[in-house]
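Record features, source TrEMBL:
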| type | residues | note |
| --- | --- | --- |
| ACT_SITE | A:SER147 | active site, charge relay system |
| ACT_SITE | A:HIS189 | active site, charge relay system |
| ACT_SITE | A:GLU216 | active site, charge relay system |
Number of protein chains: 2
Amino acid sequence: MQYPKGKLIAIGGAEDKGTDLEAGEINRNNLNFFELGILRRVVEEAGGIDARIEVITTASTIPYEVGDNYMNAFGKIGCTNIGVLHIRNRQDTANPEFLERIKTCNAVMFSGGNQMRLSVTDGGTDFLAILKKRYQEETGFVVAGTSAGAMAMSKTMIYEGNAARAYLKGEVKMTTGLGFIDNVIIDSHFEKRGRFVRLTQAVATNPSCIGIGLGEDTGMLITEGNKMEAIGSGLVIIIDGHEMMHSNIADIPDGNPISIENLRVHFCEKGNGYMVKERKFLMEAKDGALIKKQVHVE
Amino acid sequence: MQYPKGKLIAIGGAEDKGTDLEAGEINRNNLNFFELGILRRVVEEAGGIDARIEVITTASTIPYEVGDNYMNAFGKIGCTNIGVLHIRNRQDTANPEFLERIKTCNAVMFSGGNQMRLSVTDGGTDFLAILKKRYQEETGFVVAGTSAGAMAMSKTMIYEGNAARAYLKGEVKMTTGLGFIDNVIIDSHFEKRGRFVRLTQAVATNPSCIGIGLGEDTGMLITEGNKMEAIGSGLVIIIDGHEMMHSNIADIPDGNPISIENLRVHFCEKGNGYMVKERKFLMEAKDGALIKKQVHVE
């Protein structure tokens with residue numbers, strides 16, 4: 001199969017409006033990551049401030065607030081052509097106006113919320129098929145997503161799993177995501193919510209997949225469905241289970257601790273990268289001149 | 001140097017009375033791990049229910065409550081000979097009665113609290129020298145510790161580091177622990193507090209050390225200063241940085257995200273083990289018949 005010509009931008013989240021937080025989380029965060037360049041990068045990849053970007057609020061339970069936040073955020077960057085698609089259910093995905101808009105925009109941005117709302121609403125729809133076809137065939141088409149919107153990009157998706165109990169088999173619940181990319185599992189809010197063990201359990205039971213743990217205000221720009229470049233102010237943690245030796249996970253009942261020998265782990269900061277198929281850490285993800293436009297903000 | 005003849009039992013903590021909790025932690029836990037066999041294992045290793053075990057409450061800011069809790073806990077196991085040493089400062093370490101008691105007991109148990117209280121109170125004292133000499137020379141002598149009491153066992157010790165900010169250089173603070181064991185760094189409450197990144201930063205800056213992340217109600221029994229057997233109901237996570245390739249950590253200013261290529265990570269459940277010098281995961285840590293006495297409690 002030809003590699004996809006479009007780009008994915010998976011963002012670890014920092015606003016997360018409308019998400020049910022895990023126990024231990026105190027505050028909902030405000031939409032603050034765009035200051036540090038991630039939304040600006042989305043805009044650049046989509047073609048600049050005149051690009052048409054459609055924000056898809058499906059994952060959120062407070063879509064109007066989320067939509068307004070993105071309008072404001074993109075507005076501050078100088079964007080003039082942002083739309084919001086409040087797709088709440090499968091019927092909405094067939095709305096001819098919405099279908100027309102996703103056929104003609106330069107980028108879509110999936111908001112945060114609950115990733116299962118995305119897979120259940122969009123799975124198997126023409127709406128999703130159009131997005132996937134455009135992503136596959138059109139150079140310059142961008143599919144961005146934050147938090148739940150990032151987690152839903154992969155075919156194998158975590159939909160639930162309390163971080164503190166994730167060392168127990170069965171506590172990390174998997175399903176099928178939107179499937180823009182195979183062979184990875186994406187997790188979000190990674191350091192803040194202490195999700196290393198959660199993503200590791202997902203990788204241990206799906207060892208063909210590379211775990212991509214996105215920190216807050218941090219993302220991965222993915223080109224050719226394979227080459228990743230870390231963007232933003234935090235870390236992307238890569239978990240590679242291909243060299244896994246002993247693991248008890250297939251043999252123990254649910255509720256017991258999982259054991260695993262030999263994971264390979266990398267920490268990527270901005271500018272580092274990773275090649276999924278080659279399972280290779282990149283010190284410098286040379287994805288063209290855009291890297292140089294990224295500016296450190298203290 | 002001869003290997004130490006005594007044993008260490010480092011426990012990830014589950015009671016933690018007197019500890020300042022990180023932001024995001026909601027409740028202080030109660031002393032509940034002994035039900036699951038860890039304290040029982042300490043007693044067995046110390047010689048049985050008649051063994052003299054001295055509980056050292058130095059790390060805690062509520063030593064009397066902690067001491068009483070341990071008296072009750074060991075009492076429930078059937079122990080008849082438990083003492084509590086309330087060593088609050090360096091003067092106390094020279095108390096002749098205390099020195100006599102640590103010369104004659106079968107085991108000591110360092111409570112949780114603040115690990116720097118242990119290193120600052122005991123560092124360089126005769127009190128510590130006696131314990132280290134006994135640990136080095138006497139077969140059957142047991143040094144146990146939970147939470148801060150486990151973290152202080154190593155020479156290289158984390159004394160502070162907020163888990164959610166631990167991806168930034170300088171956020172993980174290190175000092176010298178009691179030094180019963182070299183070449184490891186021990187962290188506690190590992191999954192519950194999401195400390196993978198914190199311990200990784202410690203390992204990245206001390207790559208001769210293996211990171212030992214102890215879950216709650218979980219411990220490592222360490223023999224010959226090298227061979228580890230996981231005990232308890234949770235996970236011990238091993239972080240090995242010896243094969244680290246690229247890292248930016250020496251070159252960036254404090255406050256910037258750390259990058260690391262190529263960590264090796266293992267998850268050990270009860271009965272699994274690890275050899276520190278050999279850097280080897282063990283499916284079965286065959287440390288004699290005691291393993292078989294461990295019983296799963298649902």
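Along the chain as shown, residues are numbered 1 onward.
The backbone N, Cα and C atoms fix where each Cβ goes, glycine too.
Please treat TrEMBL annotations as automatic predictions, because they have not gone through curation.
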| note | For the active-site residues listed (A:SER147, A:HIS189), most other Cβ atoms within 10 Å of the Cβ sits at A:SER147
| If you draw a 10 Å sphere on the Cβ of A:GLU216 (active site, charge relay system), how many other Cβ atoms land inside? | 27
| query | Whole-number Å distance between the CA of A:SER147 (active site, charge relay system) and the CA of A:GLU216 (active site, charge relay system)? | reply | 9
| Integer Å distance between the CA atoms belonging to A:HIS189 (active site, charge relay system) and A:GLU216 (active site, charge relay system) | 5
